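> Have a look at this one.
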Amino acid sequence: MTRTVLFPGLGLEFHLDRVAFQLFGLPIYWYGVIIACGFLLAVVFCYKMAPRFGVKPDDVIDLLFFAVPLAIIGARLYYIVFYMDLYRTEDGGLNFLEMLDIRDGGLAIYGGVIAAVLTLLVFCRVKKINFFAFADLGAFGLLIGQCIGRWGNFVNVEAYGGPTDLPWRMGIDAYVDGVWQYMEVHPTFLYESLWNLLGFLLLLSVVLRGRRKFDGEIMWGYFLWYGFGRGLIEGLRTDSLYFFHTPIRVSQVLGFASALVAAGFLFYHLVLRRHKPEELYVNRMAAARKAAQEAKQQEEEDHGGERD
């Protein structure tokens with residue numbers, strides 16, 4: 001089914017079909033295609049940037065084999081827990097096949113982030129890699145994926161806000177009170193996409209300018225930036241997940257709470273405590289490699305002297 005989305009204040013009109021193409025008779029949705037594109041771009045970026053954090057590019061690829069499926073499972077479970085009624089059958093049972101169908105949506109970012117962080121913790125412990133250095137790198141991947149992934153919500157005509165008359169308002173046909181009606185609403189998917197893009201650029205500038213003071217700074221910067229922005233934007237949305245039939249929005253609480261915790265850690269590390277450049281994991285790894293090379297060179301010189 002094709003749906004029309006308008007931006008009347010900007011003179012824009014889009015005709016959107018959720019299905020991108022058919023593969024062996026199976027519909028492949030734009031939502032999944034867009035999520036996949038965001039994922040691939042995030043992987044390429046993290047692979048290229050890994051050495052700046054003391055992480056081996058191959059470790060990025062190894063992590064993906066575990067983090068990606070577990071993050072998808074986490075995102076889906078998080079969504080199902082708070083939208084359980086959507087998957088109930090007429091006799092009160094649960095439709096497990098529908099629970100497994102994520103081709104056209106039904107993923108909650110916080111569930112994916114929680115699963116990804118837990119996976120990274122275990123991975124770094126096994127591989128003996130500094131968790132916070134790897135998490136700094138991973139934060140960029142999250143911002144890229146979230147920035148692009150929100151456009152899947154645009155194609156699905158979901159994750160929008162309440163009525164507004166702002167110049168950038170979005171005009172849609174929404175199913176309200178049992179009938180379809182035209183509404184002009186906040187394009188909250190766009191707000192979050194642009195917010196993530198701006199956060200990505202700001203945090204990237206910290207790294208490229210050599211201003212990163214401690215391992216974990218980018219990770220906490222991500223939680224501060226994304227959490228605060230998500231908390232504000234969530235207040236505009238009409239499709240929020242709620243704490244079990246209460247008026248409390250789950251993502252709004254988690255957003256502001258994570259931002260507050262992140263602000264506390266950043267204040268401690270950037271204001272109350274002074275970090276030296278050599279404390280960064282990437283610099284410690286470089287120093288260790290240099291020391292090993294010097295030791296090897298000295299050993300070769302010693303053996304050469306003995307032969308003489």
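Note: Cβ is positioned from N, Cα and C throughout, glycine not excepted.
TrEMBL feature annotations, pasted as is:
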- 28-48: transmembrane segment (TRANSMEM)
- 60-81: transmembrane segment (TRANSMEM)
- 107-124: transmembrane segment (TRANSMEM)
- 131-151: transmembrane segment (TRANSMEM)
- 189-208: transmembrane segment (TRANSMEM)
- 220-238: transmembrane segment (TRANSMEM)
- 250-271: transmembrane segment (TRANSMEM)
> Report yes or no: does the transmembrane segment (28-48) come within contact of the transmembrane segment (131-151), defined as 3 or more CB pairs under 8 Å with a sequence separation of 6 or more?
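Yes, the transmembrane segment (28-48) contacts the transmembrane segment (131-151).
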> Can you name the far-off residues of the same chain, 6+ from the ends of the transmembrane segment (60-81), with a Cβ under 8 Å from a Cβ of it?
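Those are 39, 43, 46-47, 50, 87, 99, 102, 106-116, 118-120, 123, 127, 134, 137, 241, in sequence order.
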> State the non-local partners of the transmembrane segment (131-151) in its own chain: residues 6+ outside its ends, Cβ under 8 Å from one of its Cβ atoms.
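For the transmembrane segment (131-151), the list is 34-35, 37-39, 41-43, 45-46, 49-50, 52-55, 59-60, 63, 109, 113, 116-117, 120-121, 123-125, 159, 189-190, 192-193, 196-197, 199-200, 203-204, 212, 214-219, 221-222, 226, 280-282.
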